[in-house]
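Worksheet for the structure shown next.
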Amino acid sequence: MSRVLIIESSARQQDSVSRQLTQTFISQWKAAHPNDQITVRDLAVKPVPHLDINLLGGWMKPAEQRSDIEQASLERSNQLTDELLAADVLVMAAPMYNFAIPSTLKAWLDHVLRAGVTFKYTETGPQGLLSGKRAFVLTARGGIYAGSTADHQEPYLRQVMGFIGIHDVTFIHAEGMNLGGDFQEKGLNQANARLSQVA
């Protein structure tokens, strides 16, 4: 049995293309892997705080020097990190907001990219500690950006995943969602065709 962690980050609950992609992924994954455990963390329903001085204090101070709020911030970060560490497969669903990922997803990443936990510094440079995991990134974009300099989702997330040791990363883009007509239909069809191959 594998554990699958799904991170939702669309601000929309209804009419969200990235959430549609997630549901398709879950349906197909369950059909292929009925015994796998799937956990969904919805950052729109339950957002995590952005990186602040309290979290930095929780990370850096010894236990006896932490304030109550620093300890609470650390425990929240620990919970998020433990979910990631326990997962065999990570799925991030992300609409493109202003050419990049939602700030809620960035906040989650700031909680789980932790020195000594998900990566470490060595004499030869940083080393990711999450090797062996797979990741899927399901994106929804209003325009068509793949491979262009306007795409700040895929390059950033590839860099981040590689930094923590996850190099098996598959991106599935639903592009042209705001262009209407044939563009939208083609974008969804292409994304769903890719999804049918991943499980």
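Don't overthink the numbers, they just go from 1 along the chain as shown.
Cβ coordinates are placed from backbone N, Cα and C, and glycine is handled just like the others.
All annotation found in TrEMBL is predicted automatically rather than curated by experts.
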Site-mate of Ser16, Val17, Ser18, Met96, Tyr97, Asn98, Phe99 for FMN in TrEMBL, selected among Ser9, Ser10: Ser10
Averaged pLDDT, computed only over the residues in the domain 'Flavodoxin-like fold' (3-197): 97
DSSP-derived structure type at Val17 (FMN binding site), helix or strand or else coil: helix
Binding-site residues compared (Ser10, Ser16, Ser18, Asn98) - the one with the fewest other Cβ atoms within 10 Å: Asn98
Binding-site residues listed as Tyr97, Phe99, least Cβ neighbours within 10 Å: Phe99
